[in-house]
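Trainee: This is the feature table in TrEMBL:
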| type | residues | note |
| --- | --- | --- |
| COMPBIAS | 7-22 | compositional bias 'Low complexity' |
| COMPBIAS | 41-59 | compositional bias 'Basic and acidic residues' |
| BINDING | GLY160, ARG223, GLY224, GLY248, ASP249, GLY250, THR251 | ATP binding site |
| BINDING | ASP249 | Mg(2+) binding site |
| SITE | GLY250 | site 'Important for substrate specificity' |
| ACT_SITE | ASP279 | active site, proton acceptor |
Amino acid sequence: MAPPPASSADSAPDPRPTASAPVPITVPSPCDHAHHHHLVDRRDTPRGRAWEPERNRRGEAMDGAAAVKLVPGEAGYVLEDVPHVSDYLPDLPTYSNPLQDNPAYSVVKQYFVNPDDTVCQKIVVHKDGPRGNHFRRAGPRQKVYFEPDEVHACIVTCGGLCPGLNTVIREIVCGLSDMYGVTKILGIQGGYRGFYARNTITLTPKSVNDIHKRGGTILGSSRGGHDTVKIVDSIQDRDINQVYVIGGDGTQRGAGVIFEEVRRRGLKVSVAGIPKTIDNDIPVIDKSFGFDTAVEEAQRAINAAHVEAVSAENGIGLVKLMGRHSGFIAHYATLASRDVDCCLIPESPFYLEGEGGLFRYIEKRLKDNGHMVIVVAEGAGQKLIAETMQSIGKDASGNELLLDVGLWLSQKINEHFKKNKMTINLKYIDPTYMIRAIPSNASDNVYCTLLAHSVVHGAMAGYTGFTIGQVNGRHCYIPFYRITEKQNRVSITDRMWARLLSSTNQPSFLCNKVVEEAKKEHERATRLLDGSPSHRKG
């Protein structure tokens, strides 16, 4: 049976805060409605503390900061909601979702996501503990705020390469076309600067049909080039009303600024992000697309290093993997391989000389096994390297250019054993750009498809200023500020890192002070999940 027809949106006051004095709007909480004990769609029932300005660490309102939508509920429940075009453009018409007439979806039991559905960030809770933070569940809505004929969408990719970029592009295009009948889709070439300095290309299901089989991005990419006024001018001049931004935390931060300018101008434009980072360093979400492919491809380099090591007397295979500030690829590739004897990541400081140091461990491993495999993340040991080498500046995105830990470590190991008159055979392998450039594997292809379709559903439903992500296995809409406020890092005090230490038998290299600091950070993060978002006071 077809769902009931959509009704028009309720009117809502303009919640836009001014740059100098953002003013929160207080409306009744859903908990005040005795007839309904669950969260309902934001446009069906007024919200409690619907908007409040984002605050800095001292609790003061930030000038020009994005408005934050918090919806409190019972038992410590907090929904961190995302903006909607009707928040600042009241009385927008709504339309029936064309999915209800799509024969491919006729077998689906429930066409549309229940407006009450939210996804909890913390999946493990105590009986008497708070329910914690939640996000709005992703998926198709019964009402859409864009007619297919009116949609003029664009897609842009920014930052470094990552497996799965072309798959996400393909599935956004095919999702818009096949599910909603959208025909006008542009590809912005060359990253953010492509909005005002490069050509665009027309994207159709036919033109993107097999791009998922290729690595890289058919749109090209770049770092930097973010000029908010020029970008939004271009969006306005081209009559674009859906912007899909694929990139890492810096790119998503830029998308947030674009959304704020769009909202300030009162444009009916949905700005949505798809987080991309091969390092898996974006917080909140379970993982980023391309990560599984990167770990799988890293196995090839580790296997080669192992073959080289076992084939020579006192052989050492050294592999450098990606991970500027987060060592997830090195961590998971080491666990998957079981041939690795030592894994070095940015989160776990190490030292070379003395008892418990890396050199002593290498000596012991060579004496016991006759060979050794070391995996090092590119951001590991930067403080040690900085003692002997000078910084080489920053890239166009503002990221610190890292000194090559692989070459440095190779040199230091060779110097140590030459000094101690012990012959070794060290082979150094750096597969970084080979891993970045490959197409995504089957698992990532499916994941990219789900992300792309979910973000399309959100934009068509009028949500804006959000990024799509999987949280505890469910896709949901996450405010931009939540994925840009910090980086996801390997916890060196949890069981996964303990499993790695057990697998490699390497020393932890940690002093008590480092362990205690890591535990405090873990406890602080746990408190945030219990319903105290970092942008809130206290």
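Just so you know, glycine gets a Cβ as well, placed from its N, Cα and C.
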Trainee: Just to verify: the residue among ASP249, ASP279 with the fewest other Cβ atoms within 10 Å, which of the recorded positions is it?
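Mentor: Sparsest of the recorded positions ASP249, ASP279 by Cβ contacts within 10 Å: ASP249.
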Trainee: Using the residue listed as 'active site, proton acceptor' as the reference point, find which of the binding-site residues ARG223, GLY224, GLY248, GLY250, THR251 has the shortest Cα-to-Cα distance to it.
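Mentor: Nearest listed residue in space: GLY248.
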Trainee: Counting only residues 6+ apart in the same chain, whose Cβ is under 8 Å from the Cβ of GLY160 (ATP binding site)?
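Mentor: Once residues fewer than 6 apart are set aside, GLY160 (ATP binding site) is near SER221, ARG223, GLY248, ILE278, ARG436.
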